[in-house]
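*Asks:* Structure incoming, see below.
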């Protein structure tokens, strides 16, 4: 799946990060300099490889970070021969062939890619973007996050006149009431707000309760994921909610998103006056009943993932459900035991 990112690529929540480099061992400006400062051991390995003549056009130079938390691989993509020379589209074409090979061979599930050869390289973004999209269409199961050259944090536009809608109301009311319920069940969790991961799972169950929300969930790295939910949150950021920022924070950082005073007032007024208020409350009631006892990022991810394999893949027996959840990603296989998945499955079947 191809999506677009903004802000700091080095904070992208992906297994691999792509860095643009030359073939002479210099990382003196742009994103390459940021990588050099963030990963000095990677730079040392790259510099030595250049001296040995191992960094060439059309060949990725991959460095494993050795980190348990954060990106596992830095993929150095040569976009020019010398740092003084311009990039060429032929270099991008050759490199993308090898990048796809590397992603397949290393079984990389997600990757963040900068605007290759644009900016200091002198290439036109439209030409490069077309090539990136074409290349990653070969890998439909890989989450490819493409960063356009504009970069920077997302500007919050038009928030003063933001109108409450049914979809926004469901998110806000689910957030408000879930936070109250989570405080009672998991008092050690952040009291200020709830994470994007948790909101995604709340809205997954809301969509199950009322399919007219049409949120179009797909199997993501951390369970069912909806790009539309993210867009709804981004649209409310700075007005009804605060904490998402530009959306580039790592998912597992569990950065808290909370209702603003304006958001609290808006949802209170909506529920008191709008004809759809009962429908909003009914959807949220169902969500909170289903997830009771599974509050927190770990629990709601487990419950939503188990629900997905039970309803989409027909895994309604404990053994098959456990196998399906644990093979979803290596991470799920590490953190979720068969017993815990079985408990989640019991809840799903009980509330069906």
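Using N, Cα and C of the backbone, Cβ positions are placed for all residues, glycine too.
These came from Swiss-Prot, pasted as-is:
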| type | residues | note |
| --- | --- | --- |
| ACT_SITE | 80 | active site, nucleophile |
| BINDING | 8-9, 20-22, 31-34, 79, 117-121 | ADP-D-ribose binding site |
| DOMAIN | 1-155 | domain 'Macro' |
| REGION | 164-352 | region 'Interaction with DarT' |
*Asks:* Looking only at the domain 'Macro' (1-155), what is the mean pLDDT?
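*Replies:* Mean pLDDT for the domain 'Macro' (1-155): 91.
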*Asks:* Which is it, of 117, 119, 121: the one of these binding-site residues whose Cβ has the most other Cβ atoms within 10 Å?
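*Replies:* The residue with the most neighbouring Cβ atoms within 10 Å is 117.
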*Asks:* I'm trying to understand the geometry here, so how far is the Cα atom of residue 119 (ADP-D-ribose binding site) from the Cα atom of the residue listed as 'active site, nucleophile', in Å to the nearest whole number?
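*Replies:* Spelling it out, the Cα of residue 119 (ADP-D-ribose binding site) and the Cα of the residue listed as 'active site, nucleophile' are 12 Å apart.
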*Asks:* Which entry in the list of binding-site residues, 20, 22, 34, has its Cβ near the fewest other Cβ atoms, using 10 Å as the limit?
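*Replies:* Lowest Cβ count within 10 Å among the binding-site residues (20, 22, 34) is 34.
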*Asks:* So which one is it: of the recorded positions 8, 32, 80, which has the fewest other Cβ atoms within 10 Å?
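*Replies:* Ranked by other Cβ atoms within 10 Å, the recorded positions 8, 32, 80 bottom out at 8.
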*Asks:* Cα-Cα, whole number of Å: residue 8 (ADP-D-ribose binding site) versus residue 80 (active site, nucleophile)?
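*Replies:* Answer for this pair: 23 Å between alpha carbons.
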*Asks:* Calculate the distance in Å between the alpha carbons (Cα) of residue 80 (active site, nucleophile) and residue 22 (ADP-D-ribose binding site), and round it to a whole number.
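*Replies:* With the alpha carbons as reference points, the distance is 5 Å.
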*Asks:* State the three-class DSSP label for residue 20 (ADP-D-ribose binding site), counting H, G and I as helix, E and B as strand, and everything else as coil.
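*Replies:* In the DSSP reduction, residue 20 (ADP-D-ribose binding site) maps to strand.
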